[in-house]
Amino acid sequence: MRLSLGDKIMQRTIYILLTLMAVIMLYPFWNALVISFNQGSDTALGGVTLWPRVYTFENYYIVFQDHRLLNSFLITVLRTLSGTALSVFFTALLAYGMSKKTLLYRKQYMVFFMVTMFFSGGLIPTYLLIRSLHMLDTFWVLIIPGIISVYNMIVIRTFFAALPDGLEESAKIDGCGNYGIFFKIVIPVSGPVLATIALFTAVGYWNDWFTGAIYITKDNLLPIQTLLRQIMNSNIMTEIGSSNAIALDHMNRNRTVTTKSLTMATMMIATIPIILTYPFLQKYFVKGVLIGSLKE
Amino acid sequence: MKMAEKSRVRHKFRDQLDLQSMVWPGIIFVLIFSYIPMYGVVMAFQQYDIFGGMMKSPWVGLMNFKMFFEAPEFWNVMRNTIVISLLKLLITFPAPILFALMLNEIGNMAFKRFIQTVSYLPYFLSWVIVSGFVFSLLSVDNGTLNYLLERLDLIVEPVNFLAIPKYFWSILVSVNVWKEIGFGSIVYLAAIAGVDPALYEAASIDGASRFKQIYLITLPSIASIIIIFMILAIGNLLSAGFEDILLLATNPVLRPYSDVIDTYVYRVGILNARFSYATAVGLFKAVISVILLVTANKIARRADVSLW
């Protein structure tokens with residue numbers, strides 16, 4: 001296809017704009033990474049942008065000695081793994097039941113679930129519920145409230161409903177009940193959709209800081225994102241006067257690190273799982289978004 | 001006759017107990033974690049008694065709502081909510097569409113894939129991490145933005161961007177565009193890919209420029225998807241943001257520009273423990289949101305697009 005002059009100019013402009021955009025997209029992340037590998041006292045002189053000037057591991061070395069951080073990391077790993085497993089299992093089980101046309105009261109159940117997508121009790125009634133269930137300051141509050149996702153249920157149900165009927169017929173003849181079919185036939189052929197939902201859920205659990213912020217007061221149960229926010233807030237406090245005791249202690253022992261360099265290292269650690277799984281995330285998320293946006 | 005039918009249903013129900021048992025854990029869960037809080041909303045009409053709980057709290061009618069409408073923060077909170085929402089609707093909403101249209105013009109597949117890979121990344125980072133980036137880049141001492149502006153002689157002294165209220169809206173919207181633009185474009189890209197190529201061929205034989213083709217073919221083809229997302233966005237008009245604002249506006253100086261309904265509910269409800277009052281404010285928002293959603297859907301129905 002031959003392009004006219006106007007088309008050529010437009011295309012060039014788009015290439016330039018998109019390249020510029022890629023730089024803007026990557027820079028904040030890259031700069032944080034660079035600062036985390038740069039000596040704190042040197043960063044404080046300013047001008048550290050694209051490459052470390054005084055290369056060092058000490059930020060990570062100090063951060064890894066903070067048992068609070070390691071504990072939060074472990075809590076978050078545990079939360080993400082168990083939460084995702086439970087959530088995918090129960091949501092898929094529900095979706096399988098809901099995908100059966102023979103299910104009595106199916107329509108009523110669906111309305112029951114759909115209502116929750118448009119109304120919710122809001123922050124305070126939910127908080128009071130969690131409190132009256134005695135879930136404040138427990139590990140359970142970090143996983144249980146997120147277990148059933150109506151949106152995910154609908155996505156999985158759409159997939160299950162599209163499976164060929166013949167698939168289940170043979171199992172039925174062999175005398176399998178619904179549970180048998182679900183575990184032996186439906187789950188094995190639903191790998192991609194379940195993987196997509198699992199990734200959505202896992203990223204949600206990993207990135208959630210708010211649950212920790214309102215329901216958890218014990219240090220040893222803080223998810224890493226919530227801890228990170230606390231660390232960052234105390235840094236902002238140092239700018240106006242007061243300070244974080246732990247960070248200050250580190251700084252006094254080791255004059256070359258600063259709260260900023262330590263925060264950047266902590267942020268990078270909190271992002272590692274996302275970066276490691278990014279190739280999968282990217283692949284499955286695109287699929288997931290498209291399944292989810294299909295209108296029934 | 002009725003009796004017979006009832007017992008038939010009961011019989012059928014008993015026959016499919018295993019199928020029902022797959023659904024019931026989900027139902028019980030949603031009953032507890034969604035419906036009990038929904039019922040809890042009646043608290044908005046009570047003066048919540050911390051020791052007695054909802055059962056022993058006295059009814060006060062619309063007092064909590066009246067209190068909100070007469071609160072000194074009311075107009076400010078409403079203004080910020082609406083302005084931030086409209087800014088997001090005007091800028092954050094169309095940005096992924098524009099981005100998808102631009103990506104579609106790229107013939108070089110490797111370049112296209114690279115841009116996509118890079119642009120999806122911010123979506124997967126938590127708001128805490130993103131706010132950390134923002135604090136670092138905009139920081140007064142040695143933040144990249146101040147460094148750059150000083151180098152270019154545009155400023156003499158470093159500016160504390162996150163402590164100047166009038167900058168907050170621009171920062172908030174820019175960060176939102178940065179985080180959402182790539183991911184938001186996926187749906188539009190898929191819609192664009194579904195456009196019949198014959199339409200473009202016919203148009204280019206007629207001598208239409210690429211720009212004209214985008215305007216006359218691509219945009220109309222994805223209009224219904226745009227409208228659906230628009231309806232949802234209008235329904236969310238009073239949800240100006242929560243995590244992003246809470247995390248970026250840590251400096252109380254910003255409050256005249258950053259306080260929106262959701263952050264206000266969080267502050268008075270969780271931090272000040274004014275449960276009934278905060279629930280009333282939240283309910284006020286929820287009711288208006290549903291009205292907005294239904295209205296937007298009704299208007300869109302005239303264009304043959306509907307959510308339900």
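Glycine is treated like the rest: Cβ placed from N, Cα and C.
For reference, TrEMBL has these:
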- B:21-44: transmembrane segment (TRANSMEM)
- B:78-296: domain 'ABC transmembrane type-1' (DOMAIN)
- B:81-103: transmembrane segment (TRANSMEM)
- B:123-140: transmembrane segment (TRANSMEM)
- B:181-202: transmembrane segment (TRANSMEM)
- B:214-238: transmembrane segment (TRANSMEM)
- B:275-294: transmembrane segment (TRANSMEM)
Can the transmembrane segment (B:81-103) be said to touch the transmembrane segment (B:275-294) if we require at least 3 CB pairs below 8 Å and skip pairs under 6 apart in sequence? no
Please tell me whether the transmembrane segment (B:181-202) and the transmembrane segment (B:214-238) touch - that is, whether there are at least 3 C-beta pairs under 8 Å between them, with each pair 6 or more apart in sequence. yes
Six or more residues out from either end of the transmembrane segment (B:275-294), which same-chain residues have a Cβ under 8 Å from its Cβ atoms? 40-41, 43-48, 50, 57, 60, 64-65, 67-68, 231-232, 234-239, 261-262, 264-266, 268-269, 307
